[in-house]
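This report refers to the structure that appears directly beneath it.
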Amino acid sequence: MAAPTVLEIALPTPLRRRFDYLPPEGVDTTLLKPGQRVRVPFGNQRLIGLILRVKSESSLPLQNLRPAEALLDTKPLLPDDLWRLCLWAADYYQHPIGDALHTALPVLLRQGEPDREKGEPYWQLTTEGKGLPEGALKRAPRQAELLAALQQRGALNRADLAALGIARSHVKTLEDKGLVFSREQVLTPSPEPNILRDTPLTLSDEQAAALAQIPEDGFHISLLDGTTGSGKTEIYLQAIARTLSQGRQALVLVPEIGLTPQTLARFQRRFAQPVVALHSGMNDRERLDAWLQARDGRARIVIGTRSAIFTPMADLGILIVDEEHDSSFKQQDGFRYSARDLAALRAHRLNIPLILGSATPSLESLHNARTGRYHYLRLTHRAGNARAPELLTQDIRRQPLDEGFSRDTLERIRTTLDAGNQVLVFLNRRGYAPTLECPDCGWLAECRHCDTRLTLHQTPRHLHCHHCDHQRAVPRACPSCKSTRLQPLGQGTERSEEALQRHFPDTRVLRVDRDSTRQKNAFRDLVEEVHRGDPCILVGTQMLAKGHHFADVTLVVILDSDAGLFSTDFRGPERMGQLLLQVAGRAGRADKPGQVIIQTHHAEHPLVRTLLERGYHAFAELILSERRLTGLPPFRHMALIRAESKRPENAVAFLKQVRALAEQRHPPGHELGYLGPLPAMLEKRGDRFRYQLQVNAANRGALQKLLSQLAPEMEQHALAKRNRWSIDVDPQDMG
DNA sequence: AGCACGCCGACT
DNA sequence: GTCGGCGTGCTC
Ligand SMILES: [Zn+2]
Ligand SMILES: [Zn+2]
């Protein structure tokens, strides 16, 4: 008897197991390959899984195996290099393999859609439709009109229908009557011989030197460290041009917030070759089509956010990660991969160059540059003859503040507006005020479901928890003492907007935060208005800091620069510095030097002073030396095991046992250290109590080995079922 | 995670 | 009488 064929399948479940199935009935087993999708029965659901292995035995008796229902692909979905990268990442980030693979695929492929592009639909008459006598369908004039047009022209596409002014519903009716049928065709533009559309800018000596040090092929990681306006993008564009002329593709990753139509337009203006985007604003079909175009090589440049690191590329020749320090490159739930770190691995496996660019590189990357893993490239000059903005620290400890603004700040805002320039006010707190307080008894509006205060919003007026989305009406009287003198406590963007409007009644004050830009084109319209250049004040959150440059802004005011300085997250100060410089970088350009006012309560703090007096590199150096002493990343490696439960004791007990298991496997010492379980930064959130166990290691190997042993044991543990738990390798956010 | 089964409170 | 609350068990 011939050996049986058994399929080892990855299924989208949180179970850290692989499932064995028999091949679908009637399928030639020689056609079965790892990486193909199958539809399988699972309990009483049907799931889409991926073949991991085709083997001839199973640890289960064969009669217990169910046959797969269908084979969905004739070829593996992913090219081999990407397939292996996904498997590696599931392992490294300790995520169940089926779920990891599903996360890496476009939604429609997860759902079992064929890996084929949807073409442009067009309609033709069926035989029956053709046989219809002239003047038929008298009682349905629009349908008759459509029939006549089809009889005359043979076929109509969407544009034709629009031109004729015929709604799709009429076409649908005729389809249902069997008179018309639809087909689709994929439009394949003929390959474009030219690489460039616009002529490249002339590089400065510094830029040219940097580009010359980036090899055209072979594995190589460059950390391109250049201040705002120093022309990093031009280097990316010219490096991409070299790759395209070798006939290879480019993949560019940008932060969530940075993939604006302007970014895309800049690439499309420069290159004659097809550029596609992959971002959250696209629907599932658009994303799949772009993915397919990248895979078969029609798309030559792909620009995308985090998940685009999993785009299959027919012949990838260069990888670029812009704003590499941005935390959006690390997925914060489910499959917690770092797209930046995976980019490094992908470049290594493909033997191609990777450029990591930032004005404020992450400490990890600076460390890697220092130890020689990355090639360090520095751009210090701003393009043209632009000068760096002037930084002014304002110690606000003993100054009277008017709604958060010092007198001097207001004075400078006025001067700037009078000179016909624009002002940007940065406050990383949306809403009207961080909370509502009762001055008579000290009551504060707290969230019922979280350990946090409710934020007061005025447009529309309500109290809102930013952590669990809980909302409630604003009470008229204090729930505790019935006082009616409830008042907002602290400053949010809405309140700053109101205060600025009161001080400058004749000036446009524009608020930019998630609330004010919720409507579809709100942000675009606002950007357009600001670009017209009339004096105005922009007030907003980090939405203002990232992506957009406003050329007529000559004064930037940073109101709450200290947030993050005393955070329990060890990355708080690093992020504060990066955000601060990013905001500061919005000020001024060639012909208009900029000014940045930093209002701070901690003007004497060594980190603040270092950052403002000696710059980001000295600041980074200072933090790195602290990290070395305290044994934090990048000097030691870290994983966070989190657990949350409605009953706090469940989470604590589970993590205590996990720690015991871990210490059994590997006693604490230099190689591996354990800390916790400790309450998370927000201990209670959405009615769940959150705790975490920190594991730190001298090297990745030891951490990896421990976690790989621990994960299956945790899954088996009785207490695991009473908790939601996860493992976060290289955590970005300690919350 | 889903999704079943299963056994006790307040509804048509 | 049943609709539905979520406890626990299983998925090749
Ligand atoms: Zn009160
Ligand atoms: Zn809440």
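Counting begins at 1 with the first residue displayed.
A Cβ is built for glycine as well, from the same backbone N, Cα and C atoms used for every other residue.
TrEMBL: automatically predicted annotations, no manual curation.
The following features are taken from TrEMBL:
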type	residues	note
BINDING	A:Cys438, A:Cys441, A:Cys478, A:Cys481	Zn(2+) 1 binding site
BINDING	A:Cys447, A:Cys450, A:Cys465, A:Cys468	Zn(2+) 2 binding site
DOMAIN	A:213-379	domain 'Helicase ATP-binding'
DOMAIN	A:458-630	domain 'Helicase C-terminal'
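This view paints the features noted in TrEMBL onto the structure.
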| residue | record | CB count, 10 Å |
| --- | --- | --- |
| A:Cys438 | Zn(2+) 1 binding site | 22 |
| A:Cys441 | Zn(2+) 1 binding site | 12 |
| A:Cys447 | Zn(2+) 2 binding site | 26 |
| A:Cys450 | Zn(2+) 2 binding site | 20 |
| A:Cys465 | Zn(2+) 2 binding site | 21 |
| A:Cys468 | Zn(2+) 2 binding site | 18 |
| A:Cys478 | Zn(2+) 1 binding site | 20 |
| A:Cys481 | Zn(2+) 1 binding site | 12 |
Subject >> Inter-residue Cα distance where the pair is A:Cys481 (Zn(2+) 1 binding site) and A:Cys450 (Zn(2+) 2 binding site), in Å >> reply: 23
**OP:** Specify the nearest of the binding-site residues A:Cys447, A:Cys465, A:Cys468 to A:Cys478 (Zn(2+) 1 binding site), where nearness means the distance between Cα atoms.
**Re:** A:Cys447
**OP:** Find the one among the binding-site residues A:Cys438, A:Cys441, A:Cys481 whose C-alpha lies closest to that of A:Cys468 (Zn(2+) 2 binding site).
**Re:** A:Cys438
**OP:** Just the binding-site residues from A:Cys438, A:Cys447, A:Cys450, A:Cys465, A:Cys481 whose C-beta lies under 6 Å from any atom of ligand 2, please, or none if there are none.
**Re:** A:Cys447, A:Cys450, A:Cys465
**OP:** Report the nearest neighbour of A:Cys465 (Zn(2+) 2 binding site) in space among the binding-site residues A:Cys438, A:Cys441, A:Cys481, comparing Cα positions.
**Re:** A:Cys438
**OP:** Taking only the Cα atoms, work out how far A:Cys481 (Zn(2+) 1 binding site) lies from A:Cys447 (Zn(2+) 2 binding site), in Å, as a whole number.
**Re:** 18
**OP:** Please report the DSSP secondary structure of A:Cys478 (Zn(2+) 1 binding site), reduced to three states.
**Re:** coil
Original post:
Around the Zn(2+) 1 site recorded as A:Cys438, A:Cys441, A:Cys478, A:Cys481, what other same-chain residues have a C-beta within 8 angstroms of the site's C-beta center?
Top reply: A:Pro439, A:Asp440, A:Gly442, A:Trp443, A:Pro479, A:Ser480, A:Lys482, A:Ser483, A:Leu486
Subject >> Neighbourhood of ligand 1 - binding-site residues from A:Cys438, A:Cys441, A:Cys447, A:Cys478, A:Cys481 with Cβ under 6 Å >> reply: A:Cys438, A:Cys441, A:Cys478, A:Cys481
Original post:
C-alpha of A:Cys447 (Zn(2+) 2 binding site) to C-alpha of A:Cys438 (Zn(2+) 1 binding site): distance in Å?
Top reply: 16
Subject >> Extra residues within 8 Å (Cβ to Cβ centroid of A:Cys447, A:Cys450, A:Cys465, A:Cys468), Zn(2+) 2 >> reply: A:Arg448, A:His449, A:Thr452, A:Leu454, A:His466, A:His467, A:Asp469, A:His470, A:Arg685, A:Gly686
